[in-house]
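Visitor: Per Swiss-Prot, the feature compositional bias 'Basic and acidic residues' maps to 16-26. For Asn155, Asn381, the entry in Swiss-Prot reads N-linked glycosylation site, with the evidence type sequence analysis. Residues annotated as region 'Disordered' in Swiss-Prot: 1-26. For 59-66, 125-189, 240-265, 322-413, 477-489, 555-578, the entry in Swiss-Prot reads topological domain 'Extracellular'. Positions annotated as transmembrane segment by Swiss-Prot: 38-58, 67-87, 104-124, 190-210, 219-239, 266-286, 301-321, 414-434, 456-476, 490-510, 534-554, 579-599.
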Amino acid sequence: MRLAIKRRASRGQRPGPDEKRARDMEKARPQWGNPLQFVFACISYAVGLGNVWRFPYLCQMYGGGSFLVPYLIMLIVEGMPLLYLELAVGQRMRQGSIGAWRTISPYLSGVGVASVVVSFFLSMYYNVINAWGFWYLFHSFQDPLPWSVCPLNSNRTGYDEECEKASSTQYFWYRKTLNISPSIQENGGVQWEPALCLTLAWLMVYLCILRGTESTGKVVYFTALMPYCVLIIYLVRGLTLHGATNGLMYMFTPKIEQLANPKAWINAATQIFFSLGLGFGSLIAFASYNEPSNDCQKHAVIVSVINSSTSIFASIVTFSIYGFKATFNYENCLNKVILLLTNSFDLEDGFLTASNLEEVKDYLASTYPNKYSEVFPHIRNCSLESELNTAVQGTGLAFIVYAEAIKNMEVSQLWSVLYFFMLLMLGMGSMLGNTAAILTPLTDSKVISSYLPKEAISGLVCLINCAVGMVFTMEAGNYWFDIFNDYAATLSLLLIVLVETIAVCYVYGLRRFESDLRAMTGRPLNWYWKAMWAFVSPLLIIGLFIFYLSDYILTGTLQYQAWDATQGQLVTKDYPPHALAVIGLLVASSTMCIPLVALGTFIRNRLKRGGSSPVA
């Protein structure tokens with residue numbers, strides 16, 4: 001039986017108490033100061049760290065410019081339609097995720113609960129990135145930058161052994177920032193410096209959300225616009241760097257054969273899906289504060305296009321920096337080889353250059369074979385292509401690769417401050433959406449809001465997240481961060497959004513939803529949106545769900561990358577049983593909300609019917 005939303009009373013008919021309550025709630029609900037605040041809030045939430053550190057990595061992995069083909073196709077068939085769907089649901093129901101899906105059907109309340117659980121998991125670990133951003137920002141004012149050189153050993157007779165085997169940027173990240181343990185089984189204690197940075201990050205979030213849309217609406221102007229200012233500055237600087245063209249040519253040279261690679265399409269769909277923040281409930285929460293007549297279709301298109309354009313723009317910046325770093329390392333490698341051969345064979349200074357290096361190497365190998373064989377093991381194989389092929393994503397790109405490029409720039413402190421300030425703004429903008437996804441359903445709840453004011457609810461949520469997030473500041477914290485980042489949301493969000501599309505199209509009814517949209521926006525629903533919602537997007541999500549589920553099953557024993565201080569590099573290890581249990585709990589705790597809440601609703605309804613039935 002389809003569960004309908006109660007219609008307004010017809011003329012001459014007195015509205016019932018439920019309808020009066022709904023109207024009072026609609027009137028009392030806070031709203032954005034203007035539509036621009038809503039758009040900026042969505043952009044600030046959607047445009048996040050993934051645009052800067054994951055999309056460039058995918059371009060690098062899957063054929064440079066050719067990756068844009070599946071990416072743009074997935075934007076059209078998946079990104080825009082699903083974004084519009086969530087904005088329309090939030091604006092129509094004018095409630096957070098739990099209330100919105102309960103209005104469509106009481107049996108779907110679990111969809112909103114699952115979104116809140118996933119958003120809670122995300123908030124716990126995501127703000128740790130902002131804590132790291134604060135840590136690097138504070139250290140960016142030092143001259144020289146603390147990650148530019150290796151520290152001396154305890155005897156002050158040479159450089160630290162771990163740093164020499166790795167690099168100064170890796171050492172600062174793994175030892176000075178994380179103080180990482182050798183494995184996930186050695187948790188260590190909470191480290192006070194990262195803990196203070198995490199506390200500061202949560203304090204910033206709390207101040208931004210303290211007054212709801214009143215404060216968030218003003219903050220999003222800054223968190224949305226500031227990253228673009230920094231990216232433009234970095235683009236101008238990046239294009240003037242030596243070797244930037246090498247990186248840009250690498251990015252825009254398409255490898256057409258990658259279009260036949262299924263993983264390129266899978267990753268394009270996944271990037272669109274997670275970059276827009278679908279399924280978390282944040283977009284529904286933001287849209288619930290809109291005017292009912294707001295043109296959410298136009299805003300969905302604007303936000304999705306800006307989000308994807310930012311990914312491409314950030315990639316141009318990243319690859320120009322990447323080209324500079326690769327060229328710097330390549331030329332540094334050549335100089336070391338030239339110096340080695342010049343000293344070993346007593347060559348005249350300036351005789352050996354990069355242009356004649358290979359020719360001279362062949363000559364020396366044929367003329368002095370014995371001596372050359374002694375030197376040969378110390379001659380590095382320098383290749384610009386191999387430097388450009390070194391693919392890094394996530395924290396490795398943000399805190400190691402970028403840091404390494406920045407330390408070699410002139411006025412490196414300035415560029416470091418700008419870069420890590422930009423990361424902070426991107427991270428804070430996303431955190432505003434994550435916390436809105438949690439707070440909106442809680443403040444909508446009459447049970448909770450009748451006992452606690454909004455400020456207290458916000459403070460309690462931030463305090464709990466901050467306390468639990470201290471796990472990520474331990475010596476093994478980065479390993480737990482990777483677990484949450486890899487497993488807390490992937491399958492859960494796919495299932496949530498799949499149920500959302502089915503709920504709107506087949507439970508609430510597509511025709512009925514189309515009628516609601518016509519009443520809100522004054523325009524009919526285009527066939528494109530209906531086809532995407534009813535058929536294409538659900539099938540695509542099912543395909544992604546099957547792929548990730550089979551990938552987890554076929555992978556066998558799950559593994560992680562651990563830092564080996566003795567080798568100065570990452571090594572692969574198997575997850576211990578307790579870590580596997582946490583992974584299973586993360587996936588199950590959110591996905592099981594949907595069937596369990598539906599079952600609980602069914603049982604409660606049956607008990608109510610049984611209790612009200614007359615006794616024979």
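Positions of Cβ are set from backbone N, Cα and C atoms, glycine also.
Have a look at these and tell me how they're positioned relative to everything else.
Guide: Other Cβ atoms within 10 Å of the Cβ of Asn155 (N-linked glycosylation site), summed over all protein chains shown, number 6.
In the three-state DSSP scheme, Asn381 (N-linked glycosylation site) is classed as coil.
For the topological domain 'Extracellular' (59-66), residue counts in helix, strand and coil come to 6 helix, 0 strand, 2 coil, using DSSP.
Across the range of the topological domain 'Extracellular' (125-189), the DSSP-based residue counts are 30 helix, 2 strand, 33 coil.
For the topological domain 'Extracellular' (240-265), residue counts in helix, strand and coil come to 18 helix, 0 strand, 8 coil, using DSSP.
For the topological domain 'Extracellular' (322-413), the mean pLDDT of the prediction comes to 86.
Distant neighbours of the topological domain 'Extracellular' (555-578): 162-166, 170-171, 174-175, 180, 182-185, 479, 482-483; these residues of the same chain sit at least 6 beyond its ends, with a Cβ under 8 Å from one of its Cβ atoms.
Residues 32, 67, 71, 87, 129, 216-217, 220-221, 223-225, 227, 251, 267-268, 271, 274-277, 282-283, 286-287, 289-290, 294, 299, 302-304, 306-307, 310-312, 314-315, 318-319, 322, 391-395, 397-398, 423, 426-427, 429-430, 432-434 of the same chain, all 6+ positions outside the transmembrane segment (38-58), place their C-beta atoms under 8 angstroms from a C-beta of that stretch.
With a cut-off of 8 Å between Cβ atoms, the residues of this chain six or more beyond the transmembrane segment (190-210) that come close are 127-128, 130-135, 177-179, 216, 219, 428, 431-432, 435-436, 439, 455, 458-459, 462-463, 465-466, 469-470, 472-475, 477.
Outside the transmembrane segment (219-239), and at least 6 residues removed from its termini, the chain residues within Cβ reach (under 8 Å) are 37, 40-41, 43-44, 47, 208, 310, 313-314, 316-317, 320-321, 324, 409, 415, 418-419, 421-422, 425-426, 428-429, 432.
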Visitor: Using Cβ atoms and a strict cutoff of less than 8 Å, what residues sit near the transmembrane segment (490-510) while being 6 or more residues removed from its termini?
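Guide: Same-chain contacts beyond the flanks: 2-3, 82, 85-86, 89, 101, 104-105, 108, 111, 114-115, 117-118, 273-274, 278-280, 530, 533-534, 537-538, 541-542, 544-545, 548-549, 552, 587, 590-591, 594.
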Visitor: Between the Cα atoms of Asn155 (N-linked glycosylation site) and Asn381 (N-linked glycosylation site), what distance do you get, rounded to the nearest Å?
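Guide: That comes out at 34 Å between the alpha carbons.
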Visitor: Okay, the transmembrane segment (579-599) and the transmembrane segment (67-87): do they have at least three CB pairs under 8 Å, pairs separated by 6 or more?
Guide: no
Visitor: Tell me whether the transmembrane segment (104-124) sits in contact with the transmembrane segment (301-321), defined here as at least 3 Cβ pairs under 8 Å among residues 6 or more apart in sequence.
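Guide: Stretch pair does not touch.
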Visitor: Under 8 Å for C-beta pairs, could you tell me which stretch among 266-286, 414-434, 534-554, 579-599 has the largest tally with the transmembrane segment (301-321)?
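Guide: So the stretch in question is 266-286.
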Visitor: Quick one: do the transmembrane segment (266-286) and the transmembrane segment (579-599) reach 3+ CB pairs under 8 Å, ignoring pairs fewer than 6 apart in sequence?
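Guide: Result for the transmembrane segment (266-286) with the transmembrane segment (579-599) is no.
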